[in-house]
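Per Swiss-Prot, the feature Zn(2+) 1 binding site maps to HIS94, GLU96; the stated evidence is similarity to another entry. Annotation comment: Swiss-Prot describes HIS101 as Zn(2+) 2 binding site, evidence class similarity to another entry. Look at Swiss-Prot and you will find HIS148 tagged as Zn(2+) 3 binding site. As annotated by Swiss-Prot, compositional bias 'Basic and acidic residues' applies to 147-161. Per Swiss-Prot, domain 'sHSP' is recorded for 47-158, and the stated evidence type is sequence analysis. Among the features that Swiss-Prot reports, O-linked glycosylation site is placed at SER156, with the record citing similarity to another entry. Annotation comment: Swiss-Prot describes MET1 as N-acetylmethionine, evidence class experimental evidence. The region 'Disordered' annotation in Swiss-Prot covers 143-167.
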Amino acid sequence: MDITIQHPWFKRALGPFYPNRLFDQVFGEGMFDYDLFPFLSSTISPYYRQSFFRGFLDSGISEVRSDRDRVKHFSPEDLTVKILDDFVEIHGKHSERQDDHGYISREFHRRYRLPSNLNESSISCSLSADGILTFSGPKLMSSLDSSHGERPIPVSREEKPTSAPSS
């Protein structure tokens, strides 16, 4: 099977008019309008792949998953969680315990950067029964977020006129 290799300048030159097909995985290139608005590309043909735009980017929810960091062998008393600068540090340690194969002890340290727009004073942490440690906290209200609501602007009076009176 012959595969045509295109020069990057000519690749997807008419991108907004021709959406990606199922196997046209284009990584590292910019997004087009149809990537943001998938309903535009679905009207052309049902055989074109639908682009998935993640609507949760502005929802204030972020998630870090790592299966190796499960803490199912630890109780909440064995875990120490603290915020240091812009990081959350997790330390887990339990004393030596006996299991089916002998004695075992576990200890781990993890450190994750917190988002810059997170209200650190109201972060909560919970440990589920299946060993998933969950952090949650609200976003800070930035000046851009607060500008969407109504905000009064005071009007002051100046004693001198700003322009010469017209004759």
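Every residue, even glycine, has its Cβ placed from backbone N, Cα and C.
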Would you find the one among the binding-site residues HIS94, HIS101 whose Cβ has the most company, meaning other Cβ atoms within 10 Å? HIS94
Quick one: Cα separation, HIS101 (Zn(2+) 2 binding site) versus HIS94 (Zn(2+) 1 binding site), in Å? 17
GLU96 (Zn(2+) 1 binding site) CB neighbourhood, other CB atoms within 10 A: 9
